[in-house]
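According to TrEMBL:
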- E182: active site, proton acceptor (ACT_SITE)
- D46, D85, E115: Mg(2+) binding site (BINDING)
- D46, S47, D85, K113: 3-methyl-2-oxobutanoate binding site (BINDING)
Amino acid sequence: MMKPTTLADLSQLKKEKRKFATITAYDASFAHLFAEQGISVMLIGDSLGMTIQGFDSTLPVTIENISYHTRSVRTGASHAFLIADMPFMSYATPEQSFDNAAALMRSGANMVKIEGGDWLCDTVKRLTERAVPVCGHLGLTPQSVNVLGGYKVQGRDDSSAQKLFDDAIALEKAGMQLLVLECVPTALAQRITEALEIPVIGIGAGNMTDGQILVMHDALGITARPPKFAKDFLKETGNIRDAIRLYIEQVESGAYPDQAHSFN
Ligand code: KIV
């Protein structure tokens, strides 16, 4: 009988230095296909604002949208470990985050993801105390696109790199159990991955993190103008199942992301 994937399984992979592939999923059919090919961790990302709803940012996404898609993904992948994104302004205060996180957990999520640095320590602590595991998201945090001035690589200079490092340490101390690092130089991602006990999942963060995540539309060549780190695995294989298996193989072997799909 199939066993549900847990955070303990991911920690064990980190201990054994075995890399793992994860992907975004938004519906039951793709979630089922991804699980069948061997992906056991999926993110119901607020990227659905762009990939599903056609907006130019993640800001219009609501908690109801993420709940709806989390329920669909759970239906297709009953044993997968599901991370659901808390959308823009749904965790502006710790109190506000409680009902919103509860809605996502009730929809089938195993964990919620929130974007931001040490200002979120109190929220992480209080959600964790209330039985909601939290995944952090540092580096390029798309909900902050208007503050960051665009979708840009983060942590390129010493002081911003140190700030990202300090944020990661502080959030882990507060109770964060998984971290997504987006669009940061490989060396910084490696430094953070080695310093943290919890698993670190990279996207545009080089191949030294414990796991990788890709937006499914990037991995399958659907995105019109894909980011530098994205790779179209469907182009190489010609069918979706083989594309997902190739993605998993290349993440596990460390072949993806190579230099051409990383920032230095
Ligand atoms: O929303 C999303 O899909 C994400 C990934 C890019 C990590 O946060």
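Glycine is treated like the rest: Cβ placed from N, Cα and C.
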Can you tell which of D46, K113, E115, E182 has the most other C-beta atoms within 10 Å, given these are the recorded positions?
D46
Among D46, S47, D85, E115, the binding-site residues in the record, which have a C-beta under 6 A from ligand 1?
D46, S47, D85
Separation of alpha carbons, E115 (Mg(2+) binding site) and E182 (active site, proton acceptor) (Å):
10
Residues flanking the Mg(2+) site, with Cβ no more than 8 Å from the Cβ centroid of D46, D85, E115 and excluding those residues themselves:
G45, S47, T58, V61, M86, P87, F88, K113, I114, H137, P142, Q143
Quiz question: given the binding-site residues S47, D85, which has the greatest number of C-beta atoms lying within 10 angstroms of its own C-beta?
D85
Tell me the coarse DSSP state (helix, strand, coil) of D46 (Mg(2+) binding site).
coil
K113 (3-methyl-2-oxobutanoate binding site) and D85 (Mg(2+) binding site), distance between Cα atoms, whole Å:
5
